[in-house]
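**Student:** Take a look at this one; I'll ask things after.
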Amino acid sequence: MAGVLQALVGASEKAAHIARLCRREEPLFQLLVAEKTGADRNRRFLQDFKTLADVLIQEVIKHDLGKEFPELQGHIHGEESNEFRNGQGETVAVRVCATPGDTAALLLSVLEPEREAAELLAAAVHRDVVLGDAELAGVALSIPPQDLAIWIDPIDSTNEYIGGREDVAPVNGIAPAGLGSALVLVGAYDRRTGCPVLGVINEPFFRRDPLTRRWQGRYHWGVAYGDMRLCSLSPPPLRPAPCVVLSRAEGPAVRAALGPLCGDRLRFAAGAGYKMLCVILGLADAYVLSEGSTFTWDACAPHAILRALGGGAVALAGALRARRVGDTGPPPELVYN
């Protein structure tokens with residue numbers, strides 16, 4: 001499993017590089033956006049978007065993990081369809097080809113006439129990632145890859161990624177919106193139990209280099225398998241009074257219920273993955289969501305890291321029902337199979 005962990009981190013780093021590359025080419029970026037329709041549409045938003053970056057990142061992770069671990073092929077799932085409609089109205093199935101030239105030709109069919117951009121993306125897709133992470137290299141675990149399956153959210157908080165706002169000031173360390181909440185999420189779960197066992201969260205837009213003005217990223221990982229708990233982070237300290245992060249779309253009933261408990265410690269942010277990351281980093285003690293707008297690809301990776309740190313994620317409705325009938329034990333955690 002240590003090899004799988006390193007592969008997931010490496011895939012997330014390649015994904016983050018592609019996400020940054022797409023944002024760096026602003027004229028091109030406007031061509032990469034296609035409005036989601038039909039079954040792809042998230043009903044919570046008036047408009048929801050799928051970008052070529054989303055699709056390409058998902059297919060790169062599928063390709064790289066499936067190539068290194070054939071046992072995972074057919075068990076790597078993502079949010080997006082790999083079909084993308086180009087400017088001529090043709091449907092193109094985006095995938096990783098055998099060579100950079102073949103991948104560039106496929107991407108050019110979406111990006112025509114932006115040949116240079118297609119070649120840059122193809123080079124990013126086929127580049128080798130070298131991880132200089134001694135802590136990660138020293139992780140020794142044992143679990144057969146054939147017991148695992150993967151959930152990918154190629155770019156969580158896509159609307160913030162598209163908007164690209166860089167001027168959003170954090171509130172007590174939590175960014176209410178903006179590019180920083182766009183994350184790459186890769187989570188592994190046990191096929192039999194559905195329990196999340198391994199998670200990687202990559203922040204492609206963590207900070208700008210003060211000299212080059214280019215974005216730099218960072219990643220976090222966690223393992224929760226059997227009795228083993230390993231994480232790149234330390235468990236955050238508990239507060240005397242809780243801080244809770246919510247979506248701005250959260251209803252007034254939930255806000256009112258949490259008000260007496262949290263006082264002025266209610267925070268708001270975009271992106272399910274980012275809000276879970278806020279809990280992981282200790283910027284908030286809990287993330288509460290009452291709407292059915294978060295999915296397995298959003299939660300699997302952060303949930304695994306939360307478990308590695310002694311936390312978890314449960315279905316709100318089920319937890320409330322259990323409390324109403326007097327069950328004071330821990331409610332069952334979310335599963336992903």
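Even glycines carry a Cβ here, placed using N, Cα and C.
As annotated in TrEMBL:
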BINDING   Glu79, Asp153, Ile155, Asp156, Asp298  Mg(2+) binding site
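In the displayed structure, how are the listed features positioned relative to their neighbours?
**Tutor:** For Ile155 (Mg(2+) binding site), the same-chain residues 6+ apart in sequence whose C-beta sits under 8 angstroms from its C-beta are Ala19, Thr51, Ala53, Asp54, Ile57, Tyr161, Ala182, Leu183, Val184.
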**Student:** For the recorded Mg(2+) site, whose residues are Glu79, Asp153, Ile155, Asp156, Asp298, find every other residue on that chain with a C-beta no more than 8 angstroms from the centre of their C-beta atoms, and list them by sequence position.
**Tutor:** Ile152, Pro154, Ser157, Thr158, Leu183, Leu185, Ala272, Gly273, Trp297
**Student:** I want to check the contact list for Asp156 (Mg(2+) binding site): same chain, sequence separation of six or more, C-beta distance under 8 angstroms. What comes out?
**Tutor:** Ala182, Leu183, Val184, Leu185, Gly271, Ala272, Gly273, Tyr274, Asp298
